[in-house]
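Q: Structure in structure tokens, see below.
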Amino acid sequence: MVPSADPAATHLAPLAFTVPIIVACLLLALGRRLPRWAVDGLATTTAAAVAGIDVLLLMAARDGRVVTWAGGWTPVDGTTVGIALVADPLGVGAALIAAILMLCALVFSWRYFDSAEAHLHALMLLFLAGMTGFVLTGDLFNMFVFFELMGAVAYALTGFKIEDPTSVHGALSFGVVNSLGAYLTLCGIGILYARTGELGLAQLAVALRGNPPEALLVTAFVLVLTGWLVKAAMVPFHFWTADAEAVAPTPVCLLFSGIMVALGVYGTFRVYHVVFAPVLPAPGVQCLFLVFGAVTAVVGAVMCFAQRHLKRLLAYSTIAHVGLFLLAFGTLDAAGTEGGALYVAGHAGIKSALFLMSGVILNRYGSVDEIDLHGRGRHAVLLPWLMPLAGLALAGLPPFGLGMGKAVAEEAVATAGGWWAVAVFVLVSAATGGAVIRAALRIYRGTGRAPEASPPGTEETSGTDEEAEVSGLLQRVPLTMLVPIVVLLLGALALGVVPGVSEAFHAAASRFTDGAGYVARTLGAPAPLPAPTAPSGWTLSGVALSLLSSAMALAFALAALHHDRLPATLRAAARPVAPVLRGVRALHSGHVGDYVAWLFVGVAVLGAFLAAGAL
Amino acid sequence: MSRPARLVLFLVAAAGVAALLVVAFLDLPPFGSPFHPYRDRAVAAAVAHATANVVGSVTFDQRGLDTLVEETILLGSVAGAAALLRPSKEERENTTVPEGGRVLEATKLTGYLLLPVTLLVGIDVVVHGHLTPGGGFQGGVLLGTAVHLLYLTGHYRALDRVRPLPVFDSGEALGAAAFAALGIAGIIAAGAFLGNILPFGTFGELLSAGTVPVFNIAVGVEVASGVIVLLAKFLEQALRVQREAVS
């Protein structure tokens, strides 16, 4: 295929992250002199403009990839000193999701009381720039700097509610664990550079071509992945997630759960497909992600169901879904990647809407504790319907896009890993959806027994101490908070019903898994098209499994709400679960030293696992 | 986890990670080997753009995109620190600052003597970043610290007078914006984002290396202002802000 003939399209990728950087600078320089509406307007317009640039770039990259050489350092005879931006449909799609979520988050925060002289808005725009650059760059070290930009502003955004000491604690855990992951990634990049003298993904792939799978490659792969997988919240790197998302402002949580963790998954598989696919045997890598994905999914789902703090519940549900993303992308083929990407997109809509609902609940009732809020929302109008609906959609209810992604992914993992992976998909979706439905029914319908005073010294974290984010509690939900919720849910619905979505995602996934084509196109060689495969979309078995997990979610929720009315045999059967749950809960201690120890355990186990498969 | 349990877990895992690193290092090219493909290309590219300091050419010309993001990280970190250090509801800012204790005359003298010297060295390091080791980042840090010699001489008030914070707040943001805007100017003038659009000049002269010195100055302004703002926020938090007694 000939390189893209339209030179204007090559300027879109750098603009997508430079525009928010420049506006953030203006907000920082002028913020204290601008009225609040101007700050809101400028930031929101910028996010919309970035989304527009992403749409144009997506159209340009539709039939391949748009390559931009920063500084004009186009390769001569396949070598160069410069950095390439390589926009392929999956990467640009991720950037577009980030921009749309940022738009929703900024609209939601119009009513946010304290923006600290526009610092909140400037940091949000820098965060968007970091996420956008991370998915558009085609250079490993450049990925790392964008990753660090994402991290640096994310720590500050997490701790933004400075009145609350737990918010500083959450930000600190996040900062320590993520920075440590980033250092290990940098070590991995250093090892690869020392070996090859290259930093570009495509150039690295060329330099390593024909290399036997040796120890250096295993170590470098594991180290580079560590930073990305910490961001992705894979077990056992996930401990920071719930601590950070419990305390971060609602609009920030939306971005963390909706897209940031998925970008960790993106980085992992981008680096694998372009650089390591030809040199590390696929079965070992597949097996690695099947195992770690399943463990992540189960731990996340169990912890999610055991929460009463609404934001922690949603954070653990995100961890569970990251496990499912890893299972889907871990098949390493186009079908699994298509399912995973659809699942990420659908999840972004649903999970973000749920986080905004938790924000509405916090600002309306001054708490995010499910037990404490029992029946408090009885007189609410729209959310008593939207929240259980979002819970069902989280479990995979057709025709939401998340359900379609789940269906496609299930079929792909069944081919790659057997029936048990499908069972993990169904059970984990049902548990996370069930937890949301349980909370919704308790808060908005007063289902289940009214709360008694909880015994002192319980190990559960309640959500009664969270500070509201508006001045004074809201009497009614303002439109600026309601519209983003509805838009996000409708977007997730559209993904599942608009014709052609599955085909577009399949084409994007075929490009993403075609590492050889990426390398050739980046370095200016003609790239052979990958052999076309059929997109999957909704299938009968997929719809059936999604209906099953939705029904199970409802059953889980009702069983949890009416557990005192369950038959005695069922309750006796559930009794041995309690100590296991206590054990898993005790591991999530909130002690950052524990988190660091687990991080090292994770790196060592990943290394041992991969070495056993590759060497 | 108890303290000993955590320590044992960490040590066992760290031993595993160390083993991974050791086996990887054994596969690396030996120390001092002539295998340096990027160096060979980078030196040639730097000379082609009349940039005497090859490191400056790599950071501001060949891999300028990395530097754009890195200085944005600095901008974000300073803005983030400022947001986290803002006085909270329970805190109030004193308008008057307690004068520090007695400072040795020798310290004062050294401070006053070193202030102009440090400022000059800072400017020198920024301006010659494309010729000799140094550049915007290094020179900017020097400039930022120079101002704080006033604080070391015991005059927080004097420091307060010579650094109007809003000016440096804006200076930092505008330095960063200038870098990004130069990137876009590259698209307009040369058709390449962050392209080197100015005449390269004569190798080794002050006016050479095209845009590299301009980038250096933008970064120098940003880093100097950033360091001043960052230190000011910490000093304010330590000296001015008082926590109101909880009733």
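Placement of Cβ uses the backbone N, Cα and C atoms for every residue, glycine included.
What TrEMBL shows for this protein is this:
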type	residues	note
DOMAIN	A:138-429	domain 'NADH:quinone oxidoreductase/Mrp antiporter transmembrane'
REGION	A:449-469	region 'Disordered'
TRANSMEM	A:12-30	transmembrane segment
TRANSMEM	A:42-61	transmembrane segment
TRANSMEM	A:81-108	transmembrane segment
TRANSMEM	A:120-137	transmembrane segment
TRANSMEM	A:215-234	transmembrane segment
TRANSMEM	A:288-306	transmembrane segment
TRANSMEM	A:341-362	transmembrane segment
TRANSMEM	A:382-400	transmembrane segment
TRANSMEM	A:420-441	transmembrane segment
TRANSMEM	A:479-498	transmembrane segment
TRANSMEM	A:538-561	transmembrane segment
TRANSMEM	A:595-614	transmembrane segment
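Give me the local environment of each listed feature.
A: A Cβ distance under 8 Å defines the sequence-distant neighbours of the transmembrane segment (A:42-61), meaning residues of its chain 6+ beyond its ends; these are 4, 6, 9, 12-13, 15-16, 19-20, 23, 26-27, 34, 87-89, 92-93, 95-96, 99-100, 102-103, 106-107, 118, 121, 124-125, 128, 132.
Packing against the transmembrane segment (A:81-108) from elsewhere in the chain are residues 12-14, 16, 40, 43-44, 47-48, 50-51, 54-55, 57-58, 60-62, 64-75, 121, 124-125, 127-128, 131-132, 135-139, 142, 199-202, 250-252, 254-255, 258-259, 262-263, 266, 270, 337, 341, 344-345, 348, 352, 356, 359, 480-481, 483-484, 487-488, 491, 504, 507-509, 511-512, 518, 521-522: each is 6 or more residues past its ends and has a CB under 8 Å from a CB in it.
Within the same chain, residues 233-235, 238, 242, 313-314, 316-327, 329-330, 413, 416-417, 420-421, 424-425, 427-428, 431-432, 434-435, 460, 556, 560, 581, 584-585, 588, 606, 609-610, 613 sit at least 6 positions outside the transmembrane segment (A:288-306) and bring their C-beta atoms closer than 8 Å to a C-beta of that stretch.
Sequence-remote contacts of a segment are chain residues at least 6 beyond its ends whose Cβ falls under 8 Å from one of its Cβ atoms, and for the transmembrane segment (A:382-400) they are 317, 346-347, 350-351, 353-354, 357, 360-361, 406-407, 429-430, 432-437, 439-441, 443-445, 477, 482, 485-486, 489, 492-493, 495-497, 538, 543, 545-547, 549-550, 552-554, 557.
Residues 100-101, 104-105, 107-108, 110-111, 342, 345-346, 348-350, 352-353, 356-357, 359-360, 363, 382, 386, 389-390, 393, 398-404, 538 of the same chain sit 6 or more residues outside the transmembrane segment (A:479-498) yet have a Cβ under 8 Å from a Cβ within it.
Long-range contacts of the transmembrane segment (A:538-561) within the same chain, counting only residues at least 6 positions beyond its ends with a Cβ under 8 Å from a Cβ of the stretch, are 305, 391-392, 394-399, 403-404, 406-408, 410-411, 422, 425-427, 429-435, 437-438, 441-442, 447-448, 496, 502.
Same-chain neighbours of the transmembrane segment (A:595-614): 173, 176-177, 180-181, 184, 213, 215, 217-219, 221-223, 225-226, 229-230, 234-237, 239-240, 280-281, 283-285, 287-288, 291-292, 587, counting only residues six or more beyond its ends whose CB sits under 8 Å from a CB of the stretch.
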Q: Let me spell it out: take the transmembrane segment (A:120-137), skip the flanking residues so only those 6+ beyond its ends count, and list any with a Cβ under 8 Å from a Cβ in it.
A: 13, 16-18, 20-21, 23-25, 27-28, 31, 39-40, 42-43, 46-47, 50, 54, 83-87, 91-92, 94-95, 98-99, 102, 105-106, 109, 112, 114, 143, 146-147, 149-151, 153-154, 156-157, 160, 249, 251-252, 255, 259-260, 263, 266-267
